[in-house]
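Note sheet for the following structure.
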Amino acid sequence: MSKEKFERTKPHVNVGTIGHVDHGKTTLTAAITTVLAKTYGGSARAFDQIDNAPEEKARGITINTSHVEYDTPARHYAHVDCPGHADYVKNMITGAAQMDGAILVVAATDGPMPQTREHILLGRQVGVPYIIVFLNKCDMVDDEELLELVEMEVRELLSQYDFPGDDTPVIRGSALKALEGDAEWEAKIIELAEALDSYIPQPERAIDRPFLLPIEDVFSISGRGTVVTGRVERGIVKVGEEVEIVGIIDTIKTTCTGVEMFRKLLDEGRAGENVGVLLRGTKRDDVQRGQVLAKPGSIKPHTKFESEVYILSKDEGGRHTPFFKGYRPQFYFRTTDVTGTIELPEGVEMVMPGDNVNMVVNLIAPIAMDDGLRFAIREGGRTVGAGVVAKVIE
């Protein structure tokens with residue numbers, strides 16, 4: 001097969017390996033890069049290059065993550081792998097590495113283990129939309145019935161957390177044997193790559209989604225009106241279009257009468273651009289930082305939601321002591337802090353630094369939000385936690 005040259009024109013998809021410690025996530029990551037490089041071109045990455053993951057900071061939290069890239073004939077993949085369980089928890093909650101799909105690695109020799117379950121649950125909570133299963137170490141299991149049993153257990157576990165367990169692709173392989181160049185097991189890596197291509201749909205690009213701009217600043221320009229500035233998070237805003245100002249106070253409808261970037265006038269502002277948007281007839285006092293400018297009807301303000309949260313450890317600069325129900329920190333969404341109270345799950349009395357926990361939050365002012373929105377938890381401007389909206393309640 002000819003090596004095809006790498007082209008930026010291929011669609012790009014973000015994936016990652018999840019699963020229990022020592023089930024072979026990093027070995028599989030190395031095997032994918034090695035087998036695909038050999039088959040389709042690209043560069044292989046050795047196990048130890050992936051395993052000593054560099055530290056990164058996301059929302060003030062230190063996370064160890066390895067990033068690798070590989071190609072199939074159809075797509076370009078960016079793939080994340082984390083060395084430790086805590087890194088996965090932090091990564092998934094902060095959204096440091098947003099996944100369009102995940103590869104759940106389960107050792108056939110062990111079957112599903114506690115972190116297998118925890119990663120599936122986290123995937124559900126933080127909005128990982130698709131999971132593909134790689135049953136690893138199958139070369140070490142001679143009994144076909146045992147493999148059937150493990151596969152069934154994994155499918156049931158996925159279904160328990162509202163993933164389509166019965167329809168999930170399950171590939172039986174051996175990452176180590178594939179990495180060693182054994183053709184029978186290399187074929188299973190190609191099968192996994194084909195499952196990634198066919199089972200994970202092409203993610204919607206930010207530019208194709210409804211317009212949203214988190215407001216960072218508000219100015220009044222005499223004779224022209226009010227200008228709000230910020231970076232367009234998604235979609236496009238065109239001059240002459242109606243927009244809504246959502247959050248904190250009652251939603252207001254207005255019209256975009258101008259877009260400018262670097263003092264130049266434009267017809268539109270697009271996802272990723274820092275722009276100023278001129279609003280017709282809107283008073284300076286009607287708008288504030290922390291609100292969003294959005295396509296009418298595309299996003300609503302909410303005050304109560306269920307969330308999945310990671311609380312920084314003392315070493316990470318977090319709290320030194322646990323907190324209890326009735327805790328009232330600030331929740332930082334996009335560009336502003338809003339005070340809120342928390343409700344802990346049944347049977348959870350307190351939360352220790354370094355824990356992750358599911359909690360219900362009640363904000364004192366509404367924020368424009370959808371499921372999947374990330375936030376920081378702060379005390380007096382210092383970050384003490386990170387979270388994600390798992391489900392809007394009201």
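Note: Cβ is positioned from N, Cα and C throughout, glycine not excepted.
Annotated features, as they stand in Swiss-Prot:
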{"type": "BINDING", "residues": "19-26, 81-85, 136-139", "note": "GTP binding site"}
{"type": "REGION", "residues": "19-26", "note": "region 'G1'"}
{"type": "BINDING", "residues": "T26", "note": "Mg(2+) binding site"}
{"type": "REGION", "residues": "60-64", "note": "region 'G2'"}
{"type": "REGION", "residues": "81-84", "note": "region 'G3'"}
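Residue density at the residue listed as 'Mg(2+) binding site': 21 other Cβ atoms are found within 10 A of its Cβ, drawing on all protein chains shown.
Long-range neighbours of the region 'G3' (81-84) within the same chain, counting only residues 6 or more positions beyond its ends whose Cβ lies under 8 Å from a Cβ of the stretch, are 16-17, 21, 25-26, 29, 50-53, 63-66, 68, 91. Here the binding-site residues are K25, H85, and the one whose Cβ sees the fewest other Cβ atoms within 10 Å is H85. If you measure from the Cα atom of C82 (GTP binding site) to that of the residue listed as 'Mg(2+) binding site', you get 8 Å. Across the region 'G1' (19-26), DSSP helix (H, G, I), strand (E, B) and coil residues number 2 helix, 1 strand, 5 coil. Residues 47, 50-51, 66, 81, 83-85, 104-107, 110, 112-116, 119, 136-137, 175-176 of the same chain lie 6+ residues outside the region 'G1' (19-26) yet bring a C-beta within less than 8 angstroms of a C-beta in it. A coil conformation is recorded for C82 (GTP binding site) in the three-state DSSP classification, outside any helix or strand. Beyond the region 'G2' (60-64), the same-chain residues lying 6 or more positions past its ends with a Cβ under 8 Å from any Cβ of the stretch are 53-54, 82-84, 87, 90-91, 94, 96, 310, 312, 316-317, 376, 383, 386. Note on the region 'G1' (19-26): mean pLDDT across this stretch is 94. Look at the binding-site residues G19, D22, C82, C138 and count other Cβ atoms within 10 Å of each Cβ; D22 has the fewest. DSSP gives C138 (GTP binding site) a helix state. It is 10 Å from the Cα atom of the residue listed as 'Mg(2+) binding site' to that of G19 (GTP binding site).
Taken residue by residue, the region 'G2' (60-64) breaks down under DSSP into 0 helix, 4 strand, 1 coil.
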